[in-house]
């Protein structure tokens, strides 16, 4: 059976810590979508690890780690991540169906961002997915056969010829790209496998599989705050499509949310706090992007969005992250509905334009940092947790009270 860990906000919820905390109980840990635009930060034995493509199970020697087919892969960046770890043989596997991000994709991404102003990381994620959908991309499996790779490269060069000047690719682009593959492909090829068959077989044998998503539900290309979204499907349903596991294989869906809200880049954010309180949350929560170092926009917990995300993903349990960031705040707000043009909205709309938050205020607490038992939390903190559970209709099974792995309350 497989369990899914999915972000149910705008990403950066703390999925990495949760996967790292529970990975020891699984045989496989699988990253199922996105690219190196995402980032997991894990603190292990006092050392901070920033992972962008590698599954979070790499810190456990017994885990097999898979990058599955719906992930788009920068082979240069993956090589750098691989070099930071030892003994990855028979522990890391990359789907032969996953698509390769080319330097051209990053150039195109930056070019388009100038006019679209979506707030992308400009790492080529969207353009790589564009080529995938246009059936013109290069897949990881193509790297295993020089003849096939050459065919794919020639087709790529022909397709981009009209855009070379616009995307500032340079006169030596063809030579440089071939050299790029010669440099990085040999380091990657030993890890490329038919991971779909691997996972189907593992599931049939009853091995335990953990599927981890990137970004968050509200950035989903179909169900998120379009057009201010990522280029992949970020919900739990994507885990099945990417891995080849059918929906019957899914057991638990663990939704990850912070005790407040954050968002990186542009796009609507009804519960954003632009007062000094927002700055306080950003500073105390160290809310700066793992990948881009951009400051995250911060605000209060949005239960309208949270209920929507829980429903989309079929969440069976929740993990509440960064409760300690709210320590010492006298009055804590929670968005319980929106107001738009005089109308109260309790369902998440397809367009958040003109939506203003309707808040309910709770009394704060002094300290939750480092607490590892529910009974040791102050009454006001416990009341906050119970309110979230009641409103969302999903049990909170885990509460994080610091970045450290051990500072976790299990319920």
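FYI, residue positions are counted from 1 along the chain as it appears here.
Each residue, glycine too, has its Cβ placed from N, Cα and C.
Cβ neighbour count for residue 296 (substrate binding site): 22 (other Cβ atoms within 10 Å of its Cβ, all protein chains included). Secondary structure at residue 296 (substrate binding site), as computed by DSSP, is coil. According to Swiss-Prot, the GTP binding site annotation covers 11-17, 39-41, 296, 322-324, 400-402, on the basis of sequence analysis.
All protein chains shown were included, and the count of other CB atoms within 10 Å of the CB of residue 12 (Mg(2+) binding site) stands at 27. If you look up Swiss-Prot, you'll see 12, 39 marked as Mg(2+) binding site.
For residue 37 (IMP binding site), other Cβ atoms within 10 Å of its Cβ number 27. Positions annotated as IMP binding site by Swiss-Prot: 12, 13, 14, 15, 37, 38, 39, 40, 121, 135, 215, 230, 294.
According to Swiss-Prot, the active site, proton acceptor annotation covers 12, on the basis of sequence analysis. Annotation note: residue 12 (Mg(2+) binding site) sits in a coil segment as assigned by DSSP.
The active site, proton donor feature in Swiss-Prot is assigned to 40. Under the three-state DSSP scheme, residue 40 (active site, proton donor) falls in the strand class.
Residues or ranges marked as substrate binding site in Swiss-Prot: 290, 291, 292, 293, 294, 295, 296.
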- Query: Once the chains shown are all counted, how many other Cβ atoms turn up within 10 Å of the Cβ of residue 121 (IMP binding site)?
  - Reply: 22
- Of 17, 40, 293 (the recorded positions), the residue whose Cβ has the fewest other Cβ atoms within 10 Å: 293
- Inter-residue C-alpha distance, residue 401 (GTP binding site) and residue 39 (Mg(2+) binding site) (nearest angstrom): 20
- Message: Going by DSSP, is residue 323 (GTP binding site) sitting in a helix, a strand, or coil?
- Response: helix
- Task: To the nearest whole angstrom, state the Cα distance for the pair residue 39 (Mg(2+) binding site) and residue 215 (IMP binding site).
- Result: 8
- Using DSSP with the three-state reduction, classify residue 17 (GTP binding site) as helix, strand or coil. helix
